[in-house]
Amino acid sequence: MFPIHYIRDIFSPSNIFHHRYKMTWWKSIVVMVLWTILMTIPFYSTFQPTEDGTVNQAFEQLTITLPDDTASTLASLNYENGVFASETTDQIIEGDKMDVVLIPSADNIEAYLKDNESILLILPDQFVYQVDSDTRYTANLPLDLIDHLGDNGQLVESLRQNYHSEINTQNLQMLLMTRQLTFFILGLGGLLLVASRLNILQKHHFHDLFSFEYCIGMVAMAMGVPAIVAIIVGTVFPTAAVMLPILWIGTIAMLYWSYRQTSFKRNTMI
């Protein structure tokens, strides 16, 4: 089974050369891409959710300005799986400082936001909290919203937490995507340069390497241990500036170690 053989081979410098024929183009590509994904693990494990103080102040203000019967009115509606199921639309709860609109029709949403300085719109599965003409917060409704409708304070706190949760999830996704892209472009780009150099050497010196496909396969195997080391170190120093050099230098070191054991000659026995 390929994954098992691959794991065994990456820890054996001699097998990096002798088993290069097992690494076809598609296997090498899959392995390299998979390592760039796994190298984002340190960023996922060390990510710390944050809360914006300005957002917290805005939701604290909402607790004060929200009409008194908002939570009780919402509790009377049918809410399942994160969605309000109500045939009544555009139900307005008027307050002294702001209004709340329950299930606004799509055609009226823009008008509500334009005509009111501060307003809370409760859509079937989302909420829109407009603090003023320049500030607006939007997020999905919490799945357990029905459990937080005892009073306005619980309602607002539930909305606030869900807003921060979605923002942190988006930030984490963006962080992982950018880091994976960094490892894919810079990490694999550097390793392809190593493979290209190895290919030049095989044409002039190490003829037993045979082809560029095998050179790529050797690099794909040689990067295994350095990638593991980079992931471990990354849990302490989660930065690409630390992890990338470990990947590059480690791969070159593994290839050199393989050369020292095999001289890149087929007649060298394992």
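Every residue gets a Cβ built from N, Cα and C, even glycine.
Annotated transmembrane segment per TrEMBL: 25-44 (among others), in sequence order.
Per TrEMBL, transmembrane segment is recorded for 181-200 (among others).
For 212-234 (among others), the entry in TrEMBL reads transmembrane segment.
Look at TrEMBL and you will find 240-259 (among others) tagged as transmembrane segment. Counting only same-chain residues 6+ beyond the ends of the transmembrane segment (240-259), those with a CB under 8 A from a CB of the stretch are 13-14, 16-17, 39, 42, 179, 182-183, 186-187, 190-191, 194, 198, 218-219, 222-223, 225-227, 229-231, 233-234.
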Residues of the parent chain within Cβ reach of the transmembrane segment (25-44), under 8 Å, 6 or more residues beyond its termini: 2, 6, 172, 175-176, 179-180, 183-184, 187-188, 191, 213, 216-217, 219-221, 223-224, 227, 230-231, 234-235, 238, 243, 247
